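**Q** What Swiss-Prot shows for this protein is this:
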type	residues	note
DOMAIN	133-441	domain 'USP'
ACT_SITE	Cys142	active site, nucleophile
ACT_SITE	His384	active site, proton acceptor
Amino acid sequence: MCVEMKNKTNTTIPSQPQIPIQPSILPTQQTISPIPQIIPPTQPTLPKLQLDPILGSNGIPIANQEWSGTEYVRTNDPTKFIVITKTLDPKIARFLPTFKKPVITDIINKTSNSTLDMNKIITTNNFNVENAKALANFGNSCYFGTSMQLLFVMFHVRNFIVKNSNFTETGISIDLKNAYDSIKNLFITMNTAPKNDPIKSFPDYPNVKKQIMKEPDPVQMLEEDAEEFITQFMSDLDPKARNLALIKGNEYIYDVSNAQLNRQQSFSNIFNLIPLDIIKSNPTDTLENILSKTYTMVELREGVNTIQNPITSDYEFTYFVNQPTILPEYFLVRLNMVDPTSTNKLRHNIQINTTLVLTINGQTTTYFALAIIVHRGNSIRTGHYTCLVFDNQTGSQFQYIFYDDSLSSLVSIPTNSKIIPSNLYLKNITDSAYIILYGDITKLR
């Protein structure tokens with residue numbers, strides 16, 4: 001049975017109306033597209049300009065560069081290589097005061113020469129050498145005559161030639177060998193008595209000139225240079241003879257940044273060449289001082305004279321020193337008197353020392369003046385040659401013979417003379433000593 005419940009008041013609770021449940025509608029979330037990013041086009045990267053000089057591995061500007069107008073660039077044109085002593089570019093010029101020169105030992109021993117006692121040396125060494133007949137002028141041949149007199153007094157060279165049938169370099173032409181044989185016979189004739197009777201003819205002279213001086217046909221009977229003839233003549237001799245007058249040494253190349261030796265290369269020359277600039281600056285100095293200045297000279301290589309670095313291929317400023325390392329028996333000096341821009345001769349009055357003392361690697365050699373070849377004239381390509389050649393020692397006198405073509409005269413100086421008086425060999429206002437020959441004082445014959 002169903003029982004209907006009633007409250008005490010007998011009220012009935014009305015039923016609540018049902019509210020329909022509406023599903024909640026969430027608002028749709030809109031997707032916001034990203035704003036497209038505008039990327040500017042890529043600009044090409046410009047190379048950084050070389051606004052400072054290009055430096056070498058040693059921190060010094062290289063020589064093979066130039067200012068292009070906007071930057072420093074390398075150049076392959078040697079005429080544009082930097083001359084740092086003259087450059088107007090302050091960025092490069094500021095490096096010059098930082099250069100460090102090497103310290104060079106002087107091989108000219110002035111102290112020993114100043115105290116040299118010739119009276120003692122005379123008692124222990126031979127000073128009587130063979131003199132020669134004078135040679136006439138065979139047609140613009142005074143260069144030849146004076147050269148022959150100088151070569152004659154180089155006893156051990158001449159003796160090697162006279163005593164040997166093969167005294168030249170191997171492989172020379174028959175014509176050149178015949179020319180040397182002609183000179184050999186001339187040496188023999190020059191040494192025959194009477195010595196005061198000059199040799200007035202030498203039929204082989206044209207061929208000798210052609211072969212020794214390497215001249216093409218037809219031979220021009222013009223004046224030649226005495227130094228060139230002597231150099232050519234010595235160059236084709238057997239090395240045993242040539243080495244008697246061959247000065248050997250090294251060309252030293254130093255880093256300008258620290259004065260350290262970079263590299264060196266050997267050289268060999270017949271003549272010790274005195275630069276024109278040194279003669280210009282010291283026209284009345286002694287030859288001893290001139291040689292000292294020459295062999296202690298530290299030359300800055302710049303511009304077209306710079307040296308290429310074998311590793312970087314750049315051209316670098318370097319200090320350059322040229323010094324002998326081996327002294328020969330015969331020491332030949334040539335005074336460079338020619339202006340390189342012309343053939344004009346620079347006149348000078350260099351005083352010729354009777355003796356020189358050189359010290360190399362602890363070994364000292366004393367040299368005695370054997371010959372002076374003098375050039376007369378205002379141009380080295382023209383003019384006249386004479387020479388003064390040592391003869392012997394008599395008592396307290398050294399005797400020399402002055403040769404002027406077929407003429408010869410005996411002159412003398414005191415044995416204690418430090419300088420050969422210039423009036424013995426300078427006879428004309430345009431005369432200047434050109435070639436000087438010294439011989440090892442212990443080997444004179």
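Even glycines carry a Cβ here, placed using N, Cα and C.
How about a rundown of where these features are and what they're close to?
**A** Within 10 Å of the C-beta of Cys142 (active site, nucleophile) there are 26 other C-beta atoms, taking all protein chains into account.
For His384 (active site, proton acceptor), other Cβ atoms within 10 Å of its Cβ number 19.
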**Q** From the Cα of His384 (active site, proton acceptor) across to the Cα of Cys142 (active site, nucleophile), what is the distance in angstrom?
**A** 6
**Q** When DSSP states are folded down to helix, strand and coil, where does Cys142 (active site, nucleophile) land?
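**A** Where Cys142 (active site, nucleophile) sits, the three-state DSSP reduction gives helix.
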**Q** Indicate whether His384 (active site, proton acceptor) is helix, strand or coil by DSSP.
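**A** Strand, per DSSP.
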